[in-house]
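Asker: Okay, these came from Swiss-Prot:
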DOMAIN    4-168  domain 'EngA-type G 1'
BINDING   10-17, 57-61, 120-123  GTP 1 binding site
DOMAIN    178-352  domain 'EngA-type G 2'
BINDING   184-191, 231-235, 296-299  GTP 2 binding site
DOMAIN    353-437  domain 'KH-like'
């Protein structure tokens with residue numbers, strides 16, 4: 001039995017996205033007074049007393065989209081309604097019953113799943129009585145809530161759970177999914193890629209740049225591996241960020257990178273890299289995320305152009321990420337899409353790898369023998385030992401006589417050596433140089449300690 005789905009529907013600006021965030025207890029959807037902010041279906045998993053359901057946020061019914069995507073938005077809403085086990089019909093107590101509310105109810109005619117009429121913005125108890133006029137709609141159990149004043153959240157959750165399909169004893173929490181952030185400039189094919197992965201029209205795909213405004217999570221499975229793909233808003237030059245939505249989108253893309261286990265950095269095979277690409281790659285590096293450079297739309301490139309040309313170009317543009325794998329795909333047809341995801345799973349495994357202190361020091365000793373550190377103030381700095389202290393990213397602490405004596409170039413050399421000889425070949429490695437403690441120094445003077453180059 002699949003995880004039950006609960007869809008949030010209603011006219012624009014009744015607080016659907018606020019309700020979504022409130023029930024999820026975290027800010028996932030963009031909340032703004034501008035009509036039509038939500039276009040794609042957003043989902044999150046909710047748990048209550050061992051009962052799981054997937055909550056779906058949808059666009060406002062009846063809004064005319066400024067980018068001529070109205071029919072696509074409607075299709076996304078219809079798909080959410082069709083897949084839902086329970087429907088939350090959201091109305092606004094403060095504005096009262098509107099003709100568009102009645103149109104929404106008309107759209108639900110013939111839908112046989114349970115409907116819960118959620119009267120939002122009842123910020124004070126005395127406003128609850130104003131919700132009675134919505135009973136004229138004749139659909140579902142009526143409950144008043146306020147997302148801003150945190151009124152009746154638990155009651156609403158219980159009403160939802162009571163109307164879910166009878167629980168299957170075999171239904172367990174979905175296994176932890178590997179999170180993949182899909183980032184890049186606008187219109188490079190990120191949403192098409194997600195649709196290919198999910199094998200459904202999950203995202204609105206259009207030639208209108210900036211179609212995806214939220215970061216949207218899509219769960220799917222490949223060869224027994226569960227993934228959670230996060231499709232992010234496309235970024236553009238900072239001086240071009242003209243609206244609050246673009247500001248939110250930039251923030252969403254950055255947060256998606258922070259959430260991710262692996263990042264897929266998308267490029268358009270027909271366009272050169274830009275300042276935006278470099279800023280985004282810099283953000284990925286800053287957060288030490290494993291990354292695959294994905295060159296999309298490869299089918300549109302002249303067949304005589306070798307992939308090596310793009311490889312050389314990207315290596316030149318992003319010299320500090322020379323270890324990052326590069327993939328060439330056609331998201332629209334699915335060419336190499338599965339291979340990219342399998343490679344992402346390999347990177348995730350590398351980032352989770354842990355090596356013993358003995359093996360790490362054996363590798364480090366070989367690096368020092370091959371290339372000892374340079375003299376510093378008349379002395380050669382000593383490296384005593386190293387230990388891996390964490391994963392994701394693999395993090396190594398090197399105990400030495402003086403961290404200042406080991407230059408950044410030498411530290412990069414050690415990282416490169418570890419990458420070549422340990423199971424961290426294609427992922428970032430964090431390296432910390434730390435001065436030995438007084439007790440360790442005393443042990444060395446007494447003959448009980450030794451450096452790796454001894």
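Yeah, the Cβs are placed from backbone N, Cα and C, and that goes for glycine too.
Note that the structure is predicted; figures quoted are calculated from it, not measured.
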Asker: Of the binding-site residues 184, 187, 298, which sits closest to residue 58 (GTP 1 binding site) by Cα distance?
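Answerer: Closest candidate to residue 58 (GTP 1 binding site), judged by Cα separation, is 187.
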Asker: May I ask for the distance between residue 61 (GTP 1 binding site) and residue 187 (GTP 2 binding site), taken between their Cα atoms and rounded to an integer number of Å?
Answerer: 26
Asker: Is it possible to get the count of other C-beta atoms within 10 angstroms of the C-beta of residue 184 (GTP 2 binding site)?
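Answerer: The answer is 25 other Cβ atoms.
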Asker: What is the interatomic distance between the Cα atoms of residue 184 (GTP 2 binding site) and residue 10 (GTP 1 binding site), given in whole Å?
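Answerer: Residue 10 (GTP 1 binding site) has its Cα 32 Å from the Cα of residue 184 (GTP 2 binding site).
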Asker: Where does residue 190 (GTP 2 binding site) sit in DSSP terms: helix, strand, or coil?
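Answerer: Going by the DSSP assignment, residue 190 (GTP 2 binding site) falls within a helical segment, counted as helix.
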Asker: Using a 10 Å radius around its CB, how many other CB atoms surround residue 190 (GTP 2 binding site)?
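Answerer: A 10 Å sphere around the Cβ of residue 190 (GTP 2 binding site) contains 29 other Cβ atoms.
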Asker: Using DSSP, tally how many residues of the domain 'KH-like' (353-437) sit in helix, strand and coil.
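Answerer: Summed over the domain 'KH-like' (353-437), the classes give 31 helix, 22 strand, 32 coil.
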Asker: Quick check: in three-state DSSP terms, what is residue 184 (GTP 2 binding site)?
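Answerer: DSSP call for residue 184 (GTP 2 binding site): strand.
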Asker: Rounded to the nearest Å, what's the C-alpha distance separating residue 190 (GTP 2 binding site) and residue 16 (GTP 1 binding site)? Just drop the number here, would you?
Answerer: 26
Asker: Residue 187 (GTP 2 binding site) to residue 16 (GTP 1 binding site): how many Å between their Cα atoms?
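Answerer: Per the Cα atoms, residue 187 (GTP 2 binding site) and residue 16 (GTP 1 binding site) stand 27 Å apart.
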Asker: I'm checking region-level scores; what's the whole-number mean pLDDT for the domain 'KH-like' (353-437)?
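Answerer: Taking every residue of the domain 'KH-like' (353-437) together, the mean pLDDT is 93.
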Asker: If I restrict to non-local contacts, at least six residues apart, and a C-beta distance under 8 angstroms, what lies near residue 122 (GTP 1 binding site) in its own chain?
Answerer: 93, 128, 130, 131, 144, 145, 146, 151
Asker: What count of other C-beta atoms do you get within 10 angstroms of the C-beta of residue 10 (GTP 1 binding site), across all chains shown?
Answerer: 25
Asker: Using a 10 Å radius around its CB, how many other CB atoms surround residue 298 (GTP 2 binding site)?
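Answerer: Taking every protein chain into account, the count is 20.
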